[in-house]
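Peer 1: One structure is given below, represented as structure tokens, and several questions about it will come after.
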Amino acid sequence: MNRIRRWGSDPVLLVILLAAAGLYGYGIWDDEYGNLFYTSAVGSMLQSWHNFFYGSLDSAGSVTVDKPPVVFWIQTLFAWIFGLHGWSVILPQVLAGVGSVLLVYLLVKPGFGRTAARIGALAMALTPVAAAVSRTNNIDSMLVFTLLLAAWFLFRGTRLNRTGSVLAAFGLIGVAFNEKMLQAYMVLPAFYLFYLIAAKVRWKRKTGILAGSTAVLLAVSLSWAVIVDSVPADKRPYIGSSGTNSVLNLAFGYNGVARLTGDRNAGGGGFGGGAPQMPGGEGGEWSFPGGEAGQMPPMNGGGDGQAAPGAGGAPGSGQSQDGGGRQSQDGGRRSTDGSQSGSPGRSGGEDGRSFGGGASGGRGFGGGGMFNTGTAGPLRLFQQELSGQASWLIPFLLFGCIGLFSDLRRRNITDRHKEGVFWLAWLVPVMGFFSIAGFFHQYYLIMMAPPVAALVGAGFVTMRAHYRERAGWLGWLLPAAVLATAAFEWYILQAYNDTIGRGWSVGVLAAGLAAAALLAAFRLIRSAAKPAARAAALLGLLILFIGPAYWALTPITYGGNSMTPAAGPDGGGMGGGPGRTGGFPSGFPGGGAAAGELPGSGAELPANLSGLPGLPGNMSGFGRNGAGSVNESLVAYLKAHNDGQKYLMATMNYSTGGPYIVAGEKVVILNGFSSSDVVYTEETLETLVKSGAVKYFLIPGGGMGGGREGSSSLTSWITEHGTEVPSSEWAGSGQASGTLYEVTAE
């Protein structure tokens with residue numbers, strides 16, 4: 001209670017927290033589904049404890065989402081309390097985002113003072129990518145909050161010599177692992193290094209505590225994975241995007257090494273976490289495998305990419321069936337005797353794809369990669385595609401670090417130095433990883449936000465002290481930092497002059513130049529310690545927040561995308577950016593495309609796009625946030641003709657079935673995020689029907705039931721054994737969004 005009173009005694013902090021709450025929370029009630037993939041899972045988790053524990057995507061517990069369930073457990077709790085809505089599953093991330101701002105303040109204040117803490121909190125609140133992702137039900141905002149909470153326990157345990165707090169810190173990283181797997185481990189170098197240099201205990205005890213902390217870390221990290229993998233495959237859902245039906249493979253493959261290498265062979269994931277690079281045609285035209293530039297060839301499924309585990313193919317051998325109709329396999333694998341074509345430029349592999357090219361950017365995606373993440377290299381985070389997300393203040397941070405460590409001596413290592421090392425040891429590996437990573441989304445860069453914010457606050461007070469004291473060349477660091485950062489922010493802003501006008505870029509540069517000149521003038525006339533100089537220093541810093549603040553507002557002013565959130569007036573990521581409602585990302589040749597159009601052409605997507613390998617299950621659901629809609633006439637028809645079946649219907653993918661699950665209906669989803677998750681075979685599907693669990697199957701329009709042989713074979717089985725229900729009986733007054741089949745046991 002006393003701590004809360006102390007927070008309340010700082011009105012500036014309260015204003016910053018309220019501003020963060022507004023940035024992160026305003027308008028979330030307008031988002032019907034959030035990220036439908038995850039919201040569908042929350043809807044399923046509300047339906048049974050079995051689904052809740054595993055994080056099942058559908059009502060039948062057929063397949064999990066591609067992440068561990070801890071964050072979804074929290075979202076499910078909120079949905080249970082407030083009802084399942086887009087805003088109710090987003091609210092936990094809003095609170096986590098605001099909590100992260102508070103934690104940065106609490107972490108910086110003891111070592112660097114209130115001013116540094118306030119600046120750090122403001123920098124955290126105004127980090128554009130933090131604002132964008134905290135407005136969605138994606139995991140990253142909660143992940144960062146958990147890691148910052150772990151850092152708070154580490155600092156407290158080290159400062160007060162409390163072993164329990166240190167163990168709790170590493171245990172929380174284990175919890176974070178069960179939120180987003182190996183991404184949580186990016187902070188481990190900082191945690192180990194800080195305890196080694198900051199703990200005031202003997203080395204023998206220090207080593208013992210770190211060994212115990214590591215044991216706690218591993219025990220908590222692997223607890224859910226070991227439990228799930230020890231359950232027979234026919235008693236639990238298929239592990240989505242794993243490729244081998246194993247949580248450990250999901251953790252260290254798809255959500256681990258594959259993120260660095262870009263080699264999706266490490267896991268069977270489909271479109272959920274990355275997507276194939278399309279070979280680009282010249283002149284802004286899209287060229288397809290086997291076709292001329294800008295033309296779609298026939299999709300016949302033949303080609304040179306061998307399908308392997310998780311990629312489809314003929315029904316696998318060595319599989320049994322359970323009573324629920326799910327697949328029970330030896331290790332969850334399929335046979336590799338099917339084949340699937342791969343686009344040119346990709347090497348054959350587990351599913352005929354290699355995504356290593358995503359790092360360098362492909363011509364087909366405007367040089368920015370499928371998810372607009374720039375070209376791999378040491379300057380990647382300063383390129384147009386990524387610089388607006390979390391890099392605005394890095395030049396200021398660099399000058400601040402020079403000032404912070406300028407007095408570092410072997411026998412004069414202060415607590416400030418040690419905390420500075422902690423934040424640098426967090427930031428440098430994160431920046432290094434994203435500079436070379438094979439595939440990731442822009443919103444992953446929220447991992448940079450805490451160390452950047454903390455070091456900006458610490459750097460400002462350090463450089464201001466040198467400036468006041470006229471400490472030789474160190475006194476020039478603050479004017480130089482303001483000048484360099486203003487120039488860098490001009491570089492970011494000027495790329496958008498056609499969108500936002502030249503006033504923003506020119507204004508920030510001019511104001512920064514004026515502030516730097518004023519600071520230099522005060523320095524030259526030896527008045528750096530006067531109130532006017534102190535005001536100029538603060539003004540110079542606040543000018544540098546104009547660009548980040550504008551970018552942080554864009555998810556509100558331009559609209560957002562809950563599937564792949566990104567800040568900026570042009571947005572980024574898959575499914576359209578802010579202000580857009582779907583289609584492919586702006587990195588495609590010719591710029592972004594509207595939903596249902598070919599990039600750069602304005603032409604409608606052809607119906608036979610369904611055969612393109614790697615695309616998600618239903619292009620009709622590939623609009624804003626990947627969400628479709630509920631057909632009330634269809635629901636009424638299915639309920640009227642239900643003869644005791646457990647599930648209202650089955651459909652091929654989450655984009656079709658998800659809205660019905662969110663509405664509270666029980667729906668079977670036959671594929672995971674993409675049809676690379678081989679959840680059902682023809683045999684297990686037949687068992688599902690014969691068990692009386694379901695008899696109606698909705699095949700999405702446009703043929704996007706699956707672009708792989710596995711789901712194509714399911715579609716063929718359904719059409720062969722089922723009877724098409726005339727759309728006039730169930731579609732209502734609108735156009736039918738697919739084909740409904742009734743399949744009964746013979």
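Each residue, glycine too, has its Cβ placed from N, Cα and C.
Because TrEMBL annotations are produced automatically, they should be read as predictions rather than curated entries.
Sequence annotations record features per position, and here TrEMBL assigns transmembrane segment to 12-29, 77-108, 139-155, 160-177, 183-201, 208-227, 390-408, 420-437, 443-461, 473-492, 504-525, 532-553 (among others). The domain 'Glycosyltransferase RgtA/B/C/D-like' annotation in TrEMBL covers 66-224. Here TrEMBL flags 268-369 as region 'Disordered'. For 268-284, 300-326, 354-369, the entry in TrEMBL reads compositional bias 'Gly residues'. Annotation comment: TrEMBL describes 634-721 as domain 'Putative mannosyltransferase YkcA/B-like C-terminal'.
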Peer 1: Mind checking which residues of the chain, 6+ beyond the ends of the transmembrane segment (532-553), have their Cβ under 8 Å from one of its Cβ atoms?
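Peer 2: Distant Cβ neighbours of the transmembrane segment (532-553) are 23, 119, 122-123, 125-128, 130-132, 388, 392-393, 396, 460, 464, 467-468, 478-479, 482, 485-486, 489, 492-493, 500, 504, 507-508, 511-512, 515-516, 518-519, 522, 567-568.
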Peer 1: What mean pLDDT score does the domain 'Putative mannosyltransferase YkcA/B-like C-terminal' (634-721) have in the model?
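Peer 2: Residues in the domain 'Putative mannosyltransferase YkcA/B-like C-terminal' (634-721) carry a mean pLDDT of 87 in this prediction.
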Peer 1: Give me the DSSP three-state residue breakdown of the domain 'Putative mannosyltransferase YkcA/B-like C-terminal' (634-721), ordered helix, strand, coil.
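Peer 2: Helix (H, G, I), strand (E, B), coil: 41 helix, 11 strand, 36 coil.
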Peer 1: In terms of Cβ proximity under 8 Å, which residues at least six beyond the ends of the transmembrane segment (390-408) contact it?
Peer 2: 123, 127-130, 381-382, 416-417, 420, 424, 445-446, 448-449, 452, 455-456, 458-460, 462-463, 466, 474, 477-478, 480-482, 484-485, 487-489, 492, 541, 544, 547-548, 551
Peer 1: Going along the chain, which residues at least six beyond the ends of the transmembrane segment (504-525) come within the CB cut-off of under 8 Å?
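Peer 2: Residues 467, 470, 475-476, 478-480, 482-483, 485-487, 489-490, 493-494, 496-497, 532-533, 536-537, 539-540, 543-544, 546-547, 550 contact the transmembrane segment (504-525) from elsewhere in the chain.
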